[in-house]
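These come from TrEMBL:
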REGION    674-696  region 'Disordered'
TRANSMEM  46-64  transmembrane segment
TRANSMEM  76-95  transmembrane segment
TRANSMEM  110-131  transmembrane segment
TRANSMEM  152-172  transmembrane segment
TRANSMEM  192-211  transmembrane segment
TRANSMEM  271-289  transmembrane segment
TRANSMEM  318-339  transmembrane segment
TRANSMEM  351-371  transmembrane segment
TRANSMEM  611-633  transmembrane segment
TRANSMEM  640-664  transmembrane segment
């Protein structure tokens, strides 16, 4: 078809579906941990990066299985089945109603959901990692030796399908996740957000199987990584056995493998190890880069995503692939030629150094954004403290004195004091004084909690009701919370669209409830003893509001808003500079790094370097796991600065290591070996002929 083997179209479609499945699932994973499983930010970050690390460790296993035993086709087939099962198990594990027997909207046995989720993620890591090194190579196997141009076009299509799958899934699955679904109660729709990637993985598997009769299947020919490992292991073992001074030193420690392995393999291994030595500092870059899906997503949950349309926090990750698509051609066709015209020697290792520096600056930018976010956070009570908010629902001002003689505040009509902080052990009661009326309210408060005390004038004097707020953090869902106070003298039913806050007695307060779509307008109404309503205001994201109902004027509901917690005000657009810097870093570091590695290693050793490169990604994620697990840093901006500083130090170390590196041409070295081997073969042939002549 158009000069291409028909089989490669099945492989490209398979890769698109698989990448959609992987990136779509990964995009919503951090918020699934924090909002559904209710894990803390640090633990969620650690588990996220454990999963990513596994995804980059298993490709080595997949490559060995494919090259040594099963072959690429069977490896892709079997591990894709494992992959699809993992996606399905994860989707089932995210069903809210799975163990919600009392139908209150929360799983009664969260351990079941956690167990299924972990099993699903392990299977996905085995699947996606195991097939990662096989699919592109299997596609390359479909071409004949004289189809070099078509093979090159295939790889372009292949990587285009990866980017297309990543872009679309990062846009679509967070939108699905933000929708509401459920049998008994409506919650964020994680089952569908994971279910769509599971369906796409099943489609990928079906497409791959349909093309099975068209594939060229190359038999396993042994894995070069195993040979290199054996060669290195033998050299170390042999050197250790001959460590006494009576044995002469050899030029290189790998030369101790001469007794068992040929000179060409040893020379090729030396070339590879020179590059792998430069890989030692690289994990720090990946420790920074992969936090887009964890720390940066969590940062976005505390920001305002109103772009005229609502952007979800986990959708901000789409900025990276969009910028990659734009910047790779711009850098290749404009920036690099301009640098060359300026006669600057911008070598691959220098590009990687600049990339690491820009990665460090991206986290400085993230820290600056975090400082601005932290300024908008409410102050919650510390240990030994309690906070109390007074709401005056009456038409006259009042003075409230906190006893014993702590402080006094004036509260105007329909006004709130905001949250006032006291030492719990000292605050015993408060006096509400208005005109000739006076009321003492005894207080029994818990440490570390917030309370609200609404009060008003009734037939029997001042009425009040102390309410425990049960909220000491920003809303977990990232949405806004709303509750109602009945300021009327009779019981009313209060609704906000299809959300019902129940019959509320005079001065009673409903529980906080998530606003499903905080950017929407809702109809607030009372239906007992008569119907009356009005449109709400837009609540925004991350806020908490108390709404008091005061009556009905010409069928329009008289309501007052009290802001218990300010909504997110720092705009998500402020994350774009850090994404821009990190994408620039990726273009300079990742693209150049692979290109440099491949140019400095023999053709048959590419897979060894690929394994080494993937291993640096895995180790980078392990670094994040360690920092998230042991760090005592409580301020997120300080952690960003820590990572920026660590990457800057590693950048300097890498620059020093790179300055001592001498570029080589592996083809010349291999050509020299081929020439020497031919000469040796000729000598052996001549010697054999001479021996034959002498015997005659």
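Going from the start of the chain as shown, residues are counted 1 onward.
Glycine residues also receive a Cβ, built from the backbone N, Cα and C atoms like all the rest.
Here the transmembrane segment (318-339) sits apart from the transmembrane segment (76-95); fewer than 3 CB pairs are under 8 Å, leaving out pairs fewer than 6 apart in sequence. Counting residues 6+ beyond its ends, the transmembrane segment (110-131) has Cβ neighbours under 8 Å at 18, 22, 25, 32, 36-38, 51, 54-59, 61-62, 65, 75-76, 79-80, 82-95, 98-99 in the same chain.
The transmembrane segment (640-664) shares the most Cβ pairs under 8 Å with 351-371, out of the stretches 76-95, 152-172, 351-371, 611-633. Note on the transmembrane segment (46-64): residues 26, 29-30, 33, 39, 75, 79, 121-122, 124-126, 128-134, 223, 225-226, 290, 293-294, 607, 610-611, 614-615, 617-619, 621-622, 624-625, 628-629 of its chain, located 6 or more positions outside it, place their CB under 8 angstroms from a CB of the stretch.
Ranked by number of Cβ pairs under 8 Å to the transmembrane segment (192-211), the listed stretches 76-95, 271-289, 611-633 are led by 76-95. Contact count against the transmembrane segment (271-289) (Cβ pairs under 8 Å) is highest for 611-633, out of 76-95, 152-172, 611-633.
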